[in-house]
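Here is what Swiss-Prot says about this protein:
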CARBOHYD  Asn163  N-linked glycosylation site
CARBOHYD  Asn316  N-linked glycosylation site
TRANSMEM  11-31  transmembrane segment
TRANSMEM  67-87  transmembrane segment
TRANSMEM  127-147  transmembrane segment
TRANSMEM  201-218  transmembrane segment
TRANSMEM  230-247  transmembrane segment
TRANSMEM  257-277  transmembrane segment
Amino acid sequence: MALETNTHRSYSIIPCFIFVELVIMAGTVLLSYYFECTDTFQVHIQGFFCQDGNLMKPYPGTEDESFISPLVLYCVLAATPTAIIFIGEVTTYFIKSTRENLIVQEKMILTGECCYLNPLFRRIIRFIGVFAFGLFATDIFVNAGQVVTGNLTPYFLTVCKPNYTASDCLIYHQFINSANICTGDPEVIEKARRSFPSKHAALSIYSALYATMYITSTIKTKSSRLAKPVLCLGTLCCAFLTGLNRVSEYRNHCVDVIGGFILGTAIALFLGLCVVHNFKGLYGAQCKPKPEDPRGVPLMAFPRVESPLETLSAQNHSSSMTEVT
């Protein structure tokens with residue numbers, strides 16, 4: 001009887017997951033691949049001034065030479081929230097006090113006539129799957145912004161190596177729109193045209209905020225008041241320092257990092273609040289209190305007015321208690 005109460009039959013969850021969710025996820029990954037690894041989308045050629053001091057910072061080297069290399073960043077971004085969600089869900093499921101609340105929020109799904117989907121399995125797939133989708137979506141938004149704007153990095157003129165003897169650069173305030181004036185490495189120059197928004201800032205704040213929202217909404221610590229805030233603030237601090245590192249190494253402008261923070265924050269909040277509903281169960285949010293039986297409710301209720309006799313008796317009782325003490 002208890003199994004039937006906590007079981008919900010669904011014939012569409014598996015087909016929807018295979019033919020809708022996985023197809024959307026595959027399309028998102030494929031689009032991200034085209035942005036990252038191909039030249040399908042050409043970067044907008046933005047003009048510049050030959051004597052612009054904001055674009056004359058020293059070349060910091062390739063991305064692999066950065067203090068936070070892309071390989072380390074992507075591994076940490078993907079592994080940290082995944083590990084937190086997996087450990088949190090497994091711990092919540094096997095602790096008796098929290099498992100009862102989980103069973104109320106998440107029902108056992110019966111697909112067809114024989115297959116059961118455990119709430120633990122569904123929550124892990126749901127939360128980690130949405131996180132992975134948001135990670136690729138953030139990467140797409142960042143690449144699209146960089147391709148459309150074509151904002152120049154602080155070291156652009158250093159790698160561009162414009163021909164200062166050309167007629168266009170002889171005039172101090174002449175704005176250059178031609179891409180042929182650069183004499184440096186074309187591959188490095190193209191990367192130097194992708195500054196806004198900062199990819200490191202957007203991905204790091206998205207991952208940190210998603211993990212922070214999961215920790216604050218799911219993990220309960222009754223014995224310690226500071227463990228959860230320290231963990232959340234430490235995660236957000238790492239994302240903040242990642243953005244500052246981009247500015248200190250002259251790889252991005254401050255505006256680029258701020259734009260990346262705003263983009264990553266918006267995507268994390270949207271997915272956390274509107275898609276996974278603040279990491280609450282699907283059925284716990286739909287439970288409504290049972291309406292009160294109207295037969296026992298009076299048609300009209302008036303406020304109770306205390307009579308003078310009751311007031312006098314209460315005063316006499318309090319004075320007698322004072323005399324006794």
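Just so it is clear, glycine is given a Cβ too, placed from its N, Cα and C backbone atoms.
Ranking 11-31, 67-87, 201-218 by CB pairs under 8 A with the transmembrane segment (257-277) puts 201-218 at the top. Around Asn163 (N-linked glycosylation site), the same-chain residues six or more apart in sequence whose CB sits under 8 Å from its CB are Cys169, Ile181, Thr183, listed in sequence order.
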